[in-house]
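Here is the structure we will look at, set down as C-alpha cells.
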Amino acid sequence: MTNNLSGYRNKFVRVKTSKKRTVSSSNWLRRQLNDPYVAKARLEGFRSRAAYKLLEIHGKFKLFNPNMKIVDLGAAPGGWSQVASKLIKASDNSLNNKIISIDLLEIEPIAEVEFFQKDFFEENTEELIIQALDGKADIVMSDMASNTIGHKATDHIRTLLLCEQAFEFALKVLKPSGHFIAKIFRGGAENELLNKVKREFRTVKHFKPSSSRSESTEIYLVALNKK
C-alpha cells in the first residue's frame, strides 16, 4: 500500500457535455476519470481515493497499532475503515480490536467493522457509539465534510462545524494518549478551534496528503496524545 502512481496515470479523458448534466457534475466526473488515485483505489480494492489520505497520515505519524479501538465518523463509502482494519490487523479476531463506523449513507459490510447508519447529530447516536465501544477509544477519526456549494467561505465554515462536533465527541471517548484526526478546509476561521485542540492534546499538526487534490483547501488536523 504505497502512493507510487506508476501505471495509474492514463491519457486525459474528455467528458462530453450533456443537457442532463450540470457544469459542476461534469467537472466532478472529469476529475474522477482523470484521477490516478481513483484508478489505483479501484485496482487495489479500496472503496475510495480517501483511503490513500489515511495511509499517508499513518505513514507520517505512525498512529495505528494492533489491538486498538477506533471510531470512524463520516465513514461512507468505507475507505478509511478499510485502511484502519488493515493497519490494526482486525482480521486476527483479537478481542481488543474494534472499529465503529457511522454515516448517514449505507456502506457495504467490511470485515471486523461494526457500522451504524445513523446521523451523528441525532440525540442518541453518541450513546450508541459509546456502548458499542465498550471502553475508551484509541483513535477518533473524521473525514466528515458538508456538501460543498462552491462558495469557499461557506464550505469552510460548514466543515469546520462538523470538525468541532467531532472534536467534542473525541474528548468524551478517547483514552489518555489517544489521537484525533479530522478534515478541515482552510479559510481563516479555524484558529479558535485549533487553540481548543492544542489545550487538550500534547501535539497538534496540520497535514495535506499528496493524495489530496492540489486545488482543494482541505487539510487534516492531526492531534496526538490526548492529555
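Residue numbers in this text run from 1 along the chain shown.
Cβ coordinates are placed from backbone N, Cα and C, and glycine is handled just like the others.
Feature annotations, reproduced from Swiss-Prot:
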- Gly78, Trp80, Asp103, Asp119, Asp143: S-adenosyl-L-methionine binding site (BINDING)
- Lys183: active site, proton acceptor (ACT_SITE)
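On the backbone, the CA of Asp119 (S-adenosyl-L-methionine binding site) and the CA of Lys183 (active site, proton acceptor) stand 18 Å apart. Asp143 (S-adenosyl-L-methionine binding site) sits 5 Å from the residue listed as 'active site, proton acceptor', counting Cα to Cα. Just so you know, of the recorded positions Gly78, Asp103, Asp119, Asp143, Lys183, the Cβ with the fewest other Cβ atoms around it within 10 Å is the one at Asp119. Long-range C-beta contacts of Trp80 (S-adenosyl-L-methionine binding site), restricted to its own chain and to partners at least six residues apart, with a cutoff below 8 Å, comprise Ala50, Ala51, Leu54, Asp72, Met141, Asp143. Trp80 (S-adenosyl-L-methionine binding site) carries a helical DSSP state (H, G or I).
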